[in-house]
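Engineer: Let me begin by handing over the structure; questions about it come next.
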Amino acid sequence: MRRLAVPGALVAAIVLIALAAPLLDLPDPVRQDVARRLSGPGPGSPLGRDEFGRDVLSRLIWGARASLTVAFASAGIACALGTLLGLLGGWFRGLGELLALRSMDIVLCFPPILLALLVVTLLGPGTATLILVLSILFLPGFVRVTYAEVLSARSHDYVEAVRALGAGPLRILLVTVLPNVAGPILVQLSLAVAAAVVLESGLSFLGLGVVPPEPSWGLMIRGARATMAQAPLLLLWPCAALTVTILAMNLLCDALRDWVDPRTAAAVRLRAIDRVLPGLLPPPRSDAVLKVEGLTVEIDTPAGVIRPVEDVSLAVGPGETVAIVGESGSGKSLTAAAVMGLLPPAARVAAGAAWFDGVDLLRLHETALRQLRGNAIAMVFQDPMSSLNPVHRTGDQVAEAILAHRPITAAAARREAVALFRRVGIADPERRSRAFPHEMSGGMRQRVMIAIAIANKPRLLIADEPTTALDVTVQAQILDLLADLRRETGMAVVFITHNLGLVAEIADRVVVMYAGQVVEQGDTASVFARPLHPYTRALLAAVPEGEAKPEAIPGTVPPPHALPPGCRFAPRCPHAAPACAAGVAPLAPQEGRHVRCVRLDVMRGETASA
Ligand SMILES: Nc1ncnc2c1ncn2[C@@H]1O[C@H](COP(=O)(O)OP(=O)(O)OP(=O)(O)O)[C@@H](O)[C@H]1O
């Protein structure tokens, strides 16, 4: 809202001055005084007099009324009508779409000047004619922008979700779709207002707009052009008024767009902080390759803003493997996506930092982040089939990853790709590098993904459930491969999984997440030997081991929009007490690790006596 204040005040001031013209003690803007023609600024006429001796300040303020009326009225009419046609065409498709788009194509066929001449010939020049001409000219822009945005919005899950709730088309269009497409429409509006002010001056200049002697900024420019050599200042005043008005309108529409679309506002805020932060908040002193502090992610949903990741902190040292574990919906993947700058469009980082090599990844500009991704930081996803491009040979995809970050020849990159295939244990690498993804098994595709990830010797590898889609034998081979690579290259690994059995095999430290929060984190051996949080215990008890029957955890992870009060695990916890619902415990240091549990004393006692 604060961003709206300055441009809003500026536009309001310009409009108010124009509206207040009759109340101000200004000389008559059309009264001529030939004896004082082209006289410079002086007493009684602070901006001088024009070629007919008329007061320039008075004409500038009275002229604003004509120019702004034309600009706001034409842009407003085109915006309202165009948005309506675009919404209806994009939503109902069929005949509505045909009529909306084809009629706009016809308008676009007319050159603007020809259209203006046609309407002026039919209706005669004047302010109303000018508004009509400009509204018609701006209409196609609004229809097309809205139509395209609606087509994209209607395929989103949040629109489907409102449909599933039984909402009618009008309500969906006005309450769900319109706010989501308002950003581009507002940008189009600012462009239309700016263009209208310029076109008004241009068309009035050609005699097709406001009729003299009525003042307008366009007519003032037209008059000043003829006497430019004798009185250059006469050209300056209307041009300055035009520039300030257009700038103020652009700023206002940008601020309005950010106001209606919190995603862009968050991005702007983060970029602004990015420029200021390096001096204000130095990176924390740490040996960690990655240090995440207080990460909170918010997502806009039809049910309101949710926080699927809240206040998550973790650190990964060089050569260390840290596992993030938790059931589905704990926020593991969103945590990784936030660090990589790959959050889905509706999600944003609301707080926190992720330090990597002294820079905060969460505030890094997209270009700088792109330099790091696939280079110093790499990622391996769960499903290699959807991560690999189906129409490119796998060897070429590995070579592409190398070429994206290193200035070597394509032939050298292909040779390196074959070597990488060999390194990740793909038999007959020369031949296999020419295979397409669908010609490989799941395990082999995952090896290709790992080859891509390590192609540029990353310092940090984030692996998001990399073995979930694989059978147990291949899973073990992939884990061995990752462990070997870590030993060889010294890269740090963040391993995301919901399988605690794997964590014991590969992780030095473990971070247990539940419903968006870290509930316990510490050295894997000690967490496994003496779990302090009831959720960690429940997860461990659910791991099948020997003859013992695994114990399923009752219930499910609460969705982010329906979190229970206090401790989020309390409704499923066998140790829950009334105090658990009263408030969320902080993540407290405990026995060399961190645990978030109100009943820690009881848990410690139980674990000791077990
Ligand atoms: N784009 C989105 N819009 C709305 N909610 C989302 C979105 N992405 C994730 N969520 C919600 O955020 C929560 C955390 O999701 P996340 O994918 O991080 O969980 P996870 O622990 O990685 O689960 P999994 O093991 O199934 O991948 C879930 O409740 C999920 O429904």
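Positions of Cβ are set from backbone N, Cα and C atoms, glycine also.
Relevant sequence annotations retrieved from TrEMBL are reproduced here:
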- 64-257: domain 'ABC transmembrane type-1' (DOMAIN)
- 68-92: transmembrane segment (TRANSMEM)
- 104-124: transmembrane segment (TRANSMEM)
- 130-150: transmembrane segment (TRANSMEM)
- 162-179: transmembrane segment (TRANSMEM)
- 185-211: transmembrane segment (TRANSMEM)
- 232-252: transmembrane segment (TRANSMEM)
- 290-540: domain 'ABC transporter' (DOMAIN)
Engineer: Grab the same-chain neighbours of the transmembrane segment (68-92) for me: Cβ-Cβ under 8 Å, and only residues 6 or more beyond its ends, written as numbers and ranges.
Structural biologist: 14-15, 18, 99-101, 104, 127, 130-151, 154, 169, 172-173, 177-178, 181, 185, 188-189, 192-193, 196-197, 200, 209-210, 216, 245
Engineer: Where among 104-124, 130-150, 162-179 do we find the most Cβ pairs under 8 Å to the transmembrane segment (185-211)?
Structural biologist: 130-150
Engineer: So what pLDDT does the domain 'ABC transporter' (290-540) average out to?
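Structural biologist: Averaged over the domain 'ABC transporter' (290-540), the predicted model reaches a pLDDT of 89.
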